[in-house]
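Per TrEMBL, these features apply:
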type: DOMAIN; residues: 18-95; note: domain 'Ig-like'
type: DOMAIN; residues: 116-211; note: domain 'Fibronectin type-III'
type: DOMAIN; residues: 216-320; note: domain 'Fibronectin type-III'
type: REGION; residues: 1-21; note: region 'Disordered'
type: REGION; residues: 310-334; note: region 'Disordered'
type: REGION; residues: 383-432; note: region 'Disordered'
Amino acid sequence: IFPFRRGKTSEAATQPRPNPAVISPQDPTLLIGSSLVATCTVSPDFPLKAEDLYWTLNGRRLPAASYSALGPSTLSVALARLNGSRQQSGDNLVCHSRDGGILAGSCLYVGLPPEKPVNITCWSKNMKDLTCKWAPGTEGETFLHTNYTLKYKRRWYGQDNTCQEYHTAGTYSCHIPKDLALFTPYEIWVEASNRLGVAVSDVVMLDILDVVTTDPPSDVHVSRVGDLEDQLSVRWSSPPALKDFLFQAKYQIQYRVEDSTEWKVVDDVGNQTSCRLAGLRPGTVYFVQVRCNPFSIYGSKKAGIWSDWSNPTAASTPRSERVAGGCDPKGGEQNTTLRRELKQFFGWVKKHAYGCSNLGIKLYDQWRVWLQKSHKTRNQVAKWGPWPLSPHPGAPRGPSQGGGGATGAAGATRTLEITPVRPAPQGQVYLG
């Protein structure tokens, strides 16, 4: 039995096989629009000639007109006005033998250097963390793998720090979870780098207290206001963060009808957690959303950042009791004039009742109550006949019910006095 010679057998088995061919240049990086001449040189150990070779780029065979034989076993290919790489890992340029075998390959990285990142915005959910996002630049696409690194430091001292948790709020974003100081300005910037260069954004300076935001308001409820056909009541709860920290808040409401994509925004909500929407269409479904903006955080003079909108909440206004196409009883020309003037007046009230104006809402509510009552007594008004309007409060009044009833004395002129709206004490509003 002959002994097994492990050493020489193992050494022979581990010797690398020679490459059939070599491509030059290997894995070049080029600007878009550049030209390239690449060569494929076959190893002397392989009996292949230049006429036995061909080229492919990303699997597509390149035309023979672009080839040149530079020697017995070397074939070149000329590539002009290169476009950006189809994939960030590079385009595959391959040298083949006549039978389709792969002899050698090279990656072409064709693209653009990175542009300066822009539009850096940051926010904090709990005053201990910070999330920032940015845009890659005006052009954006470089056709090359580009790394983005967010860095930050305290403004007057401290070393540069690098954010570690990327893509937390989108492709171009990073989250700093802890170890941030309050009442201290920070400098924040983003560095972009790829095979063709490096670009650095402008430095953004901020204080954590100036970029606080919250979750959207919760428990948003929308309900009808009694039988008022053109109003809805909106109520919500403050975000928990406003209770955990010394925040004040202001709110915004937006609403739209069911068959529309256009939102109307109510800006004058203030810091209250309820609002009355007026001037709505009767018998219509509305979607309502609320959002929050914290401010006056530990004395910060800047407003915070608006939260996302709450999930839409739907409710419908009551249908109008009037029958479509119905006719009002005729009350004479004077009664028509009276109702036209009242319509103009209350049209003004309705116009100013949008949003959450308490004065306008109270006045508007009283008018709605009066109007509903007036619908029930229109037949009686029509029977009383035309009453000319008195030109001023001192004009003669019509006979009272105790002085002759509805008919009155012969020849007496019936008048109806309209007392102007006057402000009442303690912020109340009445209709005279």
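Cβ atoms are placed via backbone N, Cα and C, with glycine included.
Under DSSP, the residues of the domain 'Fibronectin type-III' (116-211) split into helix, strand and coil as follows: 4 helix, 45 strand, 47 coil. For the domain 'Ig-like' (18-95), DSSP puts the residue distribution at 6 helix, 37 strand, 35 coil. Across the domain 'Fibronectin type-III' (216-320), DSSP classifies residues as 7 helix, 49 strand, 49 coil.
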